[in-house]
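Trainee: Got a structure for you, questions after.
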Amino acid sequence: MGEGGEEKSFNFLQILLEGSIAGGTAGVVVETALYPIDTIKTRLQAARGGSRIEWKGLYSGLAGNLAGVLPASAIFVGVYEPTKRKLLETLPENLSAVAHFTAGAIGGIAASLVRVPTEVVKQRMQTGQFKSAPDAVRLIVGKEGFKGLYAGYGSFLLRDLPFDAIQFCIYEQLRIGYKLVARRELNDPENALIGAFSGAITGAITTPFDVMKTRLMVQGQGNQYTGIVSCAQTILREEGPKAFLKGIEPRVLWIGIGGSIFFGVLEKTKSMLAERRKRELPVKDE
């Protein structure tokens, strides 16, 4: 019984570690590749009325953002993978979608502690409020307190928890269905294609939440909005329902391509780590 417990613990830690490495790698690659599109999307959403969009400095804030993306992506996948495995073992096979959905939400909550401050600093820099990440952190904390780094936290969770849960659920379910039809493991292009599809759909569905999150995060001390409900009511009253879909084109493009890169890199890294582990097993046995 002791040996079985040790094996389970070892497997859990192995999955946690490999998930963290794969998630961190995928997060950094996709963020670097698609940062300019994200910057354009943020500026479109932050613009009010007929404001002009600034096209310079599309990589503004990338270095500071990567410092947050790496641990956030590592935490998310590191939590998601073992949680998913445990839920799949516990729940009936016909409830696999519930396992994937729940694991995605739990991973999102864990990663939000790093994601939100990173997102606040990134979006303030993208909209030209600060020149560097250290300055942004220092001035935000100085003027707004530590809570300033978590501006829009509620709307972030409102957007990202369903986003993470829906995207990973769609992705995993499509992979399961594809495997059943193909009767084999998926190759890299197939993983990337399914990742793009799940990302694009989820990105479109959650755009209204993303608009509200952006407005709340970039308002600073202006306090134009007091919360999620206030933000939604003000946007609807002053700009109309179409404003909730601002930036949907670059968002769907960004997340669709991002899903392709992220899941492609994620699965490739996971398979490489698994192969490395298999090669090391005979050496350990000796």
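In case you wondered, yes, glycine gets a Cβ from its N, Cα and C as well.
Below, the features straight out of TrEMBL:
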| type | residues | note |
| --- | --- | --- |
| TRANSMEM | 12-37 | transmembrane segment |
| REPEAT | 14-86 | repeat 'Solcar' |
| TRANSMEM | 58-77 | transmembrane segment |
| REPEAT | 95-177 | repeat 'Solcar' |
| TRANSMEM | 97-116 | transmembrane segment |
| REPEAT | 190-272 | repeat 'Solcar' |
Trainee: Who are the long-range neighbours of the transmembrane segment (97-116) in its own chain, taking Cβ under 8 Å and residues 6 or more past its ends?
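Mentor: For the transmembrane segment (97-116), the list is 68, 71-73, 75-77, 79-80, 83-84, 87-88, 90-91, 149-150, 152-153, 156-157, 160-169, 172-173.
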Trainee: Quick check on the repeat 'Solcar' (14-86): DSSP residue counts for helix, strand, coil, in that order please.
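Mentor: DSSP composition of the repeat 'Solcar' (14-86): 58 helix, 0 strand, 15 coil.
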Trainee: Looking only at the repeat 'Solcar' (14-86), what is the model's average confidence as pLDDT?
Mentor: 83
Trainee: How many helix, strand and coil residues does the repeat 'Solcar' (95-177) contain under DSSP?
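Mentor: Output for the repeat 'Solcar' (95-177) reads 74 helix, 0 strand, 9 coil.
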